[in-house]
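Below is one structure, written out as structure tokens, with a few remarks after it.
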Amino acid sequence: MHSAVEKVAEDLSLSRENLSLEEVEKAIRTLLLWVGENPDREGLLETPKRIAKVYKELFSGYGESVDEILGVVFEEVAGYDEPVIVKDIFFYSHCEHHMIPIIGKAHVAYLPDKKIVGLSKIARVVDVFAHRLQTQETMTAQVANSLKKYLKPRGLAVLIEAEHMCMAMRGVQKQGAATITTSFHGYYKKDQVAQANFMTITRGIR
């Protein structure tokens, strides 16, 4: 059964399919006019088509399902009972308030309880949610909740550190400012030493 988040993604995907490429390009052409440009000049003739194509790629997460990525897990762990940590998962996203890029890295750790997953699938889960309009807080919770649902680990930790271009390019214009969000569950929620070890491994060792 799909989660509420996945159901919303499906509904949005259906809405997108009902829009023709011509309608999307027309909207982009209108935007070019609004900012004061001439969409008929040589350099902009193909711009609406290019933007439509790149947006389909940048927001591909609306057409992807975490169920398909995490639907298959492995139950043979050969007695391994220590944390699995995947760090420095680079991603780019876009803030839902200004549609300006968010660029950052995600770090994930989980303490298996008879279930493990291919390491690349953790990175793919990050990408699914990154390729949607986001707030960093929501994305952190979505990644954590998805892994928790399918792996049912004894402990789970997710840390995302990112620079928001909406803070660097406009408004206060503070380039280089990093935002850090975390989500701890189970063992990592209860054990402060485990939390500290996770923070040291993901942020303290380079």
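Cβ atoms are placed via backbone N, Cα and C, with glycine included.
Source: prediction; values computed, not measured.
Database features, via Swiss-Prot:
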| type | residues | note |
| --- | --- | --- |
| BINDING | Cys95, His98, Cys166 | Zn(2+) binding site |
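Summarising the environment of Cys166 (Zn(2+) binding site), the number of other Cβ atoms within 10 Å of its Cβ, over all protein chains shown, is 16.
Counted within 10 Å of its Cβ, the other Cβ atoms near His98 (Zn(2+) binding site) come to 15, all protein chains included. Within 8 Å of the Cβ centroid of the Zn(2+) site, not counting the listed residues Cys95, His98, Cys166, the chain contributes His94, Glu96, His97, Met99, Ile100, Ile102, His164, Met165, Met167, Arg170.
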